[in-house]
Amino acid sequence: AKTTAPSVYPLAPVCGDTTGSSVTLGCLVKGYFPEPVTLTWNSGSLSSGVHTFPAVLQSDLYTLSSSVTVTSSTWPSQSITCNVAHPASSTKVDKKIEPRGPTIKPCPPCKCPAPNLLGGPSVFIFPPKIKDVLMISLSPIVTCVVVDVSEDDPDVQISWFVNNVEVHTAQTQTHREDYNSTLRVVSALPIQHQDWMSGKEFKCKVNNKDLPAPIERTISKPKGSVRAPQVYVLPPPEEEMTKKQVTLTCMVTDFMPEDIYVEWTNNGKTELNYKNTEPVLDSDGSYFMYSKLRVEKKNWVERNSYSCSVVHEGLHNHHTTKSFSRTPGK
């Protein structure tokens with residue numbers, strides 16, 4: 001897919017009900033490629049009450065949405081702006097959230113539910129974790145999440161389809177969101193590894209009384225080139241050896257697509273004290289990333305064996321491990 005700039009839509013409440021103590025505003029960023037975009041409210045000065053959902057890929061383009069809940073005394077009397085930046089297309093867009101209609105007045109008999117952005121539930125679909133897809137011993141899951149479900153109409157029907165054939169193996173749970181007294185419904189569909197890798201399409205269809213028509217969301221593995229990563233492990237720099245803790249680095253370069261999983265082990269046991277960067281797009285269209293592991297210097301000096309494990313679809317058996325330990329005398 002080619003680089004595509006996003007369209008940005010400000011979302012104001014369906015009706016101007018300011019009788020409640022709070023109001024929810026939204027911002028929809030649609031039709032962009034590739035990731036990422038950054039979205040802030042009032043250039044980052046407004047961060048409380050913000051709920052930004054992960055980007056969803058559909059028809060080779062991404063869509064992302066964010067909502068912010070503020071007091072009725074804040075908006076519309078004060079300006080609230082959604083700021084969107086898409087580095088890949090050098091796009092920067094600022095959209096001010098304007099009231100619908102010339103004035104903000106209560107609009108009886110219409111009742112505008114305060115927690116419901118756009119007057120009803122929203123639906124998002126998420127891919128399986130890459131490690132679950134590529135490791136045959138694990139179980140990949142596609143997830144459909146329905147948010148802003150009213151407690152007055154909690155009954156949500158979710159149907160699943162694989163290549164338009166209905167399946168009935170999903171498990172669905174409902175959770176209450178304390179921050180705005182709505183319900184969140186999560187439906188998890190276990191899938192076959194090969195179904196995802198071969199590009200089959202997964203669709204969830206959601207119905208609820210608050211929806212004028214069922215909402216459908218689809219997802220599949222993005223098409224594109226595959227290139228195996230190069231993995232390099234780097235010992236702590238000499239300047240760091242005066243400290244109690246030292247840093248081991250795993251550099252992973254030249255891979256496509258960006259979906260990758262990296263973890264550390266010490267003598268075969270999983271390490272927890274590591275941090276990974278997000279994959280970064282390189283100038284040739286491939287991706288690179290870093291992972292750093294903080295360890296006690298004495299463990300490194302005692303020549304413990306540390307390993308950086310990488311899971312990616314371009315690798316033989318989808319997995320590789322690079323191990324190293326301190327060389328005696330250093």
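Counting starts with 1 at the first residue shown.
Backbone N, Cα and C define each Cβ position, glycine as well.
Residues or ranges marked as disulfide bond in Swiss-Prot (evidence: experimental evidence): Cys27-Cys82, Cys144-Cys204, Cys250-Cys308. Look at Swiss-Prot and you will find 6-98 tagged as domain 'Ig-like 1'. Residues annotated as domain 'Ig-like 2' in Swiss-Prot: 121-220. The feature domain 'Ig-like 3' is assigned by Swiss-Prot to 229-325. Look at Swiss-Prot and you will find Asn180 tagged as N-linked glycosylation site.
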Confidence summary for the domain 'Ig-like 3' (229-325), mean pLDDT rounded:
93
Please report the Cα separation of Cys144 (disulfide bond) and Cys27 (disulfide bond) in Å, rounded to an integer.
21
Candidate nearest the residue listed as 'N-linked glycosylation site' in space, where candidates are the disulfide-bonded residues Cys82, Cys204, Cys250, Cys308 and distance is Cα-Cα:
Cys82
Expressed to the nearest Å, what is the distance separating Cys204 (disulfide bond) and Cys308 (disulfide bond) at their Cα atoms?
36
Which residues does Cys250 (disulfide bond) neighbour through Cβ under 8 Å, counting only same-chain ones at least six apart?
Val231, Tyr232, Val233, Leu234, Val262, Trp264, Tyr290, Ser291, Lys292, Leu293, Cys308, Val310, Lys322
Given a separation of at least six residues and a C-beta threshold under 8 Å, show me what packs close to Cys82 (disulfide bond) in the same chain.
Val8, Pro10, Cys27, Leu39, Thr40, Trp41, Ser66, Asp94, Lys95, Ile97
If you count CB neighbours within 10 Å, which one among the recorded positions Cys27, Asn180, Cys204, Cys308 has the smallest count?
Asn180
Need the DSSP three-state call for Cys204 (disulfide bond) to compare against my parser.
strand
